[in-house]
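Chemist: Let me give you the structure first, and then I'll get to my questions.
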Ligand SMILES: [Zn+2]
């Protein structure tokens, strides 16, 4: 398998996962033309589009792709039906096209119908988990988002987090304010700044790394709880998460 990352708009990534036979699936096409260009230049045949949720910067390219490839199946949750989805998916479904077998994981929170597509080790998780951070809670509750992130965290260490935005630098800057004494976070922040100064992408990232540097995966951390004014272990972890997400919203 080969993973291709296409940067579009101000900070979105469209992902392509390709097999040895040059078939590929396209995940969250924010735009169509950059995808069509890459497919043509590399003689890749698209076999499916996967949509994680209904936001425009994830589905905006569907119409253009269908114009070019009218028979292309578009897989997405119910909330993407009127955004061009032709095959509605639900949690526990398996999307099988050519050699691809994706497990559908329900991740409500950012939107209510948000899903991820997982074919080990690749996880296409849209706007749920980012490197060093997580998505905003627009439609669901903090409890739902916390449970969704816990679901991702339960996947194997080598899972590749293929998220839809380049937000890592801002996420790590926030993390530093929450855990200023944490050397691992500080080191990662500087590594990310260096990458971005050289105009390099910071994702995909490995779940094992995220467990160390992503504060939203560490709501159980006593220092984290103390630093945001919570008496250690006095409230549910989902409430710690909610408070942390609230601070990030205003950062
Ligand atoms: Zn979104």
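These residue numbers are counts, starting from 1, taken along the chain as shown.
Cβ atoms here come from the backbone N, Cα and C positions, even for glycine.
Worth saying up front: this structure is predicted, and the values here are computed from it rather than measured.
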Chemist: Which one of 28, 93, 127 goes with 53, 55, 110 at the Zn(2+) 1 site, as TrEMBL has it?
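Modeler: That Zn(2+) 1 site, as TrEMBL gives it, pairs 53, 55, 110 with 127.
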Chemist: Could you look at 23, 165, 190 and say which one TrEMBL places alongside 57, 58, 127 in the Zn(2+) 2 site?
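Modeler: Looking through 23, 165, 190, the residue TrEMBL assigns to the Zn(2+) 2 site is 165.
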Chemist: Mind telling me which of the binding-site residues 57, 127 has the densest Cβ neighbourhood, counting other Cβ atoms within 10 Å?
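Modeler: The residue with the densest Cβ neighbourhood is 127.
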Chemist: Under 8 Å between C-beta atoms and at least six apart in sequence, can you list the same-chain neighbours of residue 53 (Zn(2+) 1 binding site), or say none if there are none?
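Modeler: The answer is 76, 77, 79, 80, 110, 111, 113, 114, 115, 126, 127.
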Chemist: Relative to the Cβ position of residue 55 (Zn(2+) 1 binding site), how many further Cβ atoms are located within 10 Å?
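Modeler: Within a 10 Å radius of the Cβ of residue 55 (Zn(2+) 1 binding site) lie 22 other Cβ atoms.
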Chemist: Other than 53, 55, 110, 127, which residues of the same chain sit close to Zn(2+) 1? List them in sequence order, counting a residue when its Cβ is within 8 Å of the Cβ centroid of the site.
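Modeler: Sorted by sequence, the hits are 52, 54, 58, 111, 114, 126, 128, 135, 138, 164.
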Chemist: Counting other Cβ atoms within 10 Å, pick out the least crowded of the binding-site residues 58, 165.
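Modeler: So among 58, 165, the binding-site residues given, the one with the fewest Cβ atoms within 10 Å is 165.
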Chemist: Cβ within 8 angstroms of the Cβ centroid of 57, 58, 127, 165: which residues besides those meet this for the Zn(2+) 2 site?
Modeler: 12, 28, 30, 52, 53, 55, 126, 164
